[in-house]
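Reviewing the structure listed below.
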C-alpha cells in the first residue's frame, strides 16, 4: 500500500485538530537509602520537607525508623512520613505501605507528647494499603524462632509483622484499608479465614479473633476521615497546580527484596521502582533521586558485610556513631565505606545526587579506608555478587587516605571543611560519578552542609 494513512499522522486528530501534548505534570523528589539502612534519610527528608507540599511513604511499614531533631526535640517516626512535622504539608501513606493501626496511633501519641500537633488533619492514607494484623506480628516472631531452630540463624526481623503481611498480600489473602472501611461482616469473615490459615501453619499461635476485630472496628472509625483513593489523590497532586512532592524511602537498596543481600532483606522494593508501584505513579513523574550514604558502613543482624571491621576501628565507629537501631535497639555492625555497594545502588536507582552523612564520626582517625573493588579467588570482579556465600568470600581492595584529625562539627559551608575531608568527598564523587549535594557533620538540621 503506497502513501501514509491519515491515522498515522501524529500531528492530526479526527477533524483536523492538533493532538493535545501530554503534560507530564509535577515531578516527585525521592530520597533513598544507598546501603543497609540507618544512613540518615530522615535528616535529608527533613531538610526537603520544610518547603514541600506533600510528603509520601511508598513502601515498608513500622520496621523503618527515622529520627528527626527539630528545635532540640528528637522525634522518632516509623510509619508516619517524617514530614508530618511540617504543619503546612500533607503527609501521604501510599498503597505499597503495610499499616499496623495500633502502631500508627501509638507513634502519634509518643510524638504528640513531644509537641506534634494536628497530625490527623494532614495525614492521608491510601485505601489500597494492606493491614498488618497483630497475628502477623506474632507469626513474624514464630518464624524467626523456627529459622533459628532449623538453620541455626535468623534474618534479624524487627518482628513488626512486615514479612508475613507482604506474604499475605502476595498470596492474595491480605486485608486492605478499603476492606476494613466497607462491609465489616465481610471483613470479619476474611479476617477469621486469614487467622485460621496462620494457625494451621503455627500450632502454638494464639489469636484473640473477637478482641482484634473489636480493636480494628474502633481504628476503622478513627482513620475513616483520612482515607482516600490513593491513585486519584496522587494523580491530582501531579497534574494540579505546581507542587513540591517528596517521597521518603524506607529501608535501603541492600535491603530490597529483589536487589538486596537476599535472604537477609526486607519484603518490599526499597529502590526507585517501589516509588511507582507503591504510590501508583508513572516513571516520567520521577524527578531528582537522592541517595543517602554514611561515610562508613553499618548493618544490623546477620548477612555478608565485606568491609566490616571486627576490631578497634569497628568499635570506634560504633561508639562515636551511636550505632544502635531506632526500631530494634540492636547494636549495628560497623565497617569502612564500600563504594562497590554504592555504585551498585546507583546502577539500580540512578541517583542524581548524594547526601554523605556522619562525616564528623571520622574526625579522630589517622587513616581512612574506602572499599573500591572486590576480588574473588585473586581476580577483580566487575559486579556485586547476588549469592551470599560468594559475597562472604570476596576480598575487598581498599584505597587509604590520610585522616583530617580535627573537629568538623562546626562546619557550615564547604570552605569550613579541612582539605583532607574535602578530598575524601571528591574521591567518593569521582569514583561513583554522582555529585555530593549534602555533607552531614552532626545531628541538627543546621549541620547538613549544602554544596549546590
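Placed from the backbone N, Cα and C atoms, the Cβ positions cover glycine too.
Summary of the site annotation: Swiss-Prot records IMP binding at 38, 39, 40, 41, 63, 64, 65, 66, 158, 172, 251, 330. Screening the candidates 261, 266, 271, 319 against this entry identifies 266 as the one listed for that site. In the structure shown, across all protein chains, 37 is the one of the binding-site residues 37, 40, 65, 329 with the greatest number of other Cβ atoms within 10 Å. Rounded to a whole number, the distance between the Cα atoms of residue 330 (substrate binding site) and residue 43 (GTP binding site) is 21 Å.
DSSP assigns residue 38 (Mg(2+) binding site) to coil in the three-state reduction, placing it in neither a helix nor a strand. Under the three-state DSSP scheme, residue 66 (active site, proton donor) falls in the strand class. Fewest other C-beta atoms within 10 Å: among the binding-site residues 38, 67, 331, 332, that description fits 331. Each of the recorded positions 43, 66, 330 was scored by how many other Cβ atoms lie within 10 Å of its Cβ, and the smallest score goes to 330.
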